[in-house]
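These features come from TrEMBL:
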{"type": "ACT_SITE", "residues": "Glu223", "note": "active site, proton donor/acceptor"}
{"type": "BINDING", "residues": "Glu157, His175, Glu223", "note": "Zn(2+) binding site"}
{"type": "DOMAIN", "residues": "103-227", "note": "domain 'VOC'"}
{"type": "DOMAIN", "residues": "233-357", "note": "domain 'VOC'"}
Amino acid sequence: MARIVPMFDATSFSSNSVRLAALHAPLSSSAVAPAARFAPSPRAGLCSAPRAIHHAQLFGIKTSRLMRKANCIKASASGNMAQASTTISKEEAFEWVKKDNRRMLHVVYRVGDLERTIKFYTECLGMKLLRKRDIPEEKYTNAFLGYGPEDSHFVVELTYNYGVDQYDIGAGFGHFGIAVEDVAKTVDLIKAKGGKVTREPGPVKGGKTVIAFIEDPDGYKFELLERGPTPEPLCQVMLRVGDLDRSINFHEKAFGMELLRKRDNPEYKYTVAMMGYGPEDKNTVLELTYNYGVTEYDKGNAYAQIAIGTDDVYKTAEAIKLHGGKITREPGPLPGINTKITACLDPDGWKTVFVDNIDFAKELE
């Protein structure tokens, strides 16, 4: 089997032929970290707090309020002046995060036969092929599919790397959820097209919602949920986590998501939490699952990341750092294009890319 294109390069947030190549290049001068952009220039013998509060400037916190918290370090005997360091609190960062205009944009994962997957999603799941792009110089192709335009709907971004026909999905990824009006009818269609049904239609255990489970040609699981008409049929992404309370706290504080509901199932030894930016019947949500006693999962190399829109990638990165997230791509515009992004890992190692809302809208034009 051919060598797999590096994980980040092949699937990082994409818009045109220069995007992936740009990720190999060093950051441009306009993409420096916020700390460098707001670096202090202390004057000898004076407290430099007003110029050192880059966090305050980033989040729009009043200087007079933060100066009371500043720790101004006096000059040492050698005459060197240490730079003052003033940061905002987690609570102040959280205030901004909750006000940020965020929306789940798309989910990225790898497939072994792009045309086969497109055919299955359009004919069996009712998705539409929104756009497709081939990047021969980097030996990969992307396809975007969903139930409506990308500027208002959550979509899937499929990645095919030339010559790679199989991936390891791993044990950490769970499934995607799709809301349909008639689960039984959808299952019959999938069977007629040769699809694999792993759980026949019926009420969910301990509830009344009719569901079914199927697998696509690459082995990704989809849960079909019987619901009335909804503006967002692609309604769930389920990931497994090792510490549910830790994960809930991180997604609330760093990502600004709301805990929509939480359900414990002691009989089956698992707990789920639904997180998102709006009610489940109108928005895509992140379903976090904790299996009793399991703290780590093999993530494989198939699933890549979720992309989320934000009004400011710089502030987003600072808030993520304050709440224990790991920044894997410092905020700033991608070299060669103007789209600003930042990428991070949550406490379980799941990757998320935040994308500037205005830049994303321009790309779709």
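Heads up, the Cβ atoms here are built off N, Cα and C, so glycines get one too.
Curation does not apply to TrEMBL; its annotations are automatic.
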(message) DSSP-wise, what's the residue breakdown of the domain 'VOC' (233-357) into helix, strand and coil?
(response) 21 helix, 57 strand, 47 coil
(request) Express the distance between the Cα positions of Glu223 (active site, proton donor/acceptor) and His175 (Zn(2+) binding site) as a whole number of Å. (result) 7
(request) Restricting attention to the domain 'VOC' (233-357), give the mean pLDDT. (result) 96
(request) Count the residues of the domain 'VOC' (103-227) that DSSP assigns to helix (H, G, I), to strand (E, B) and to coil, and report the three numbers in that order. (result) 21 helix, 58 strand, 46 coil
(message) Let me check the 10 A CB neighbour count of Glu157 (Zn(2+) binding site). How many other CB atoms are there?
(response) 23
